[in-house]
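Here's the structure we're looking at; comments come further down.
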Amino acid sequence: MRTLKELERELQPRQHLWYFEYYTGNNVGLFMKMNRVIYSGQSDIQRIDIFENPDLGVVFALDGITMTTEKDEFMYHEMLAHVPMFLHPNPKKVLIIGGGDGGTLREVLKHDSVEKAILCEVDGLVIEAARKYLKQTSCGFDDPRAEIVIANGAEYVRKFKNEFDVIIIDSTDPTAGQGGHLFTEEFYQACYDALKEDGVFSAETEDPFYDIGWFKLAYRRISKVFPITRVYLGFMTTYPSGMWSYTFASKGIDPIKDFDPEKVRKFNKELKYYNEEVHVASFALPNFVKKELGLM
């Protein structure tokens, strides 16, 4: 298969490449104009494409699935990171599995309490590409509190017991690369074991519209392991349906009853999406989502 760079070289004047992403079922999708192909490569695991769109800025895709765009990545990364970070009383040690673009790490490091944040990414080429081409999200890679580990996250987390305050799963789609390893009950159990007693957990769990099967499966498996499991939602404009799901879980901390909005109000770092009102509202689920999860 030819790379985007190779295809770009064959363009005639005033011609443009267009990026097509098909959602589950291949009947609906997203398309974006490519102003410029920045990088196109193939690792042992997946295809990596980075290109520029006139409205969205730099776009990062894995195996033909959009991971981030410069314009809207803050929505996803803030919701994935800050919900668990603000719920833990004093998060010092954090493990991020996946998230090789660096956006979740960037958000975690905004919390001054953090002493160490480990980013475990399975694909070293993603880290290299992010460091070079995704400056907006990879800005935390050289923070002295950050450690980058190239390893299979499902295997890496099993090395730890009672170790982390927060674990965040920033996985690729379960159908892309090795993302499916991060959706098993065995993996969630390993995360539970690696957390301290007051530890908290969050994971991206796909969209509840086109990917309802994976969404329900993730929720069911997480809830089998953690006594407290709650789904929350956020907007994500370039992800399927524009509605994205995350799942919070813990051994005892409740995401609403134990939430202190004053901590968020006093936070002195810039947040573009997450705030104390969004935190509470994100746990209010539409009826169709409740029904799919067996909550009504």
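Using the three backbone atoms N, Cα and C, a Cβ is placed for every residue, glycine included.
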Binding-site annotation, Swiss-Prot, S-methyl-5'-thioadenosine: partner of Gln46, Asn152, Gly153 in Glu78, Glu121, Glu185, Glu186: Glu121
Neighbours of Asp170 (active site, proton acceptor) among the binding-site residues Gln46, His77, Asn152 (Cα to Cα, within 10 Å): His77
Per-region confidence, the domain 'PABS' (16-251) (mean pLDDT, whole number): 95
Residues Gln46, Glu121, Asn152, Gly153 binding S-methyl-5'-thioadenosine per the record - widest CA separation, whole Å: 16
Secondary structure at His77 (spermidine binding site), reduced by DSSP to three states: helix
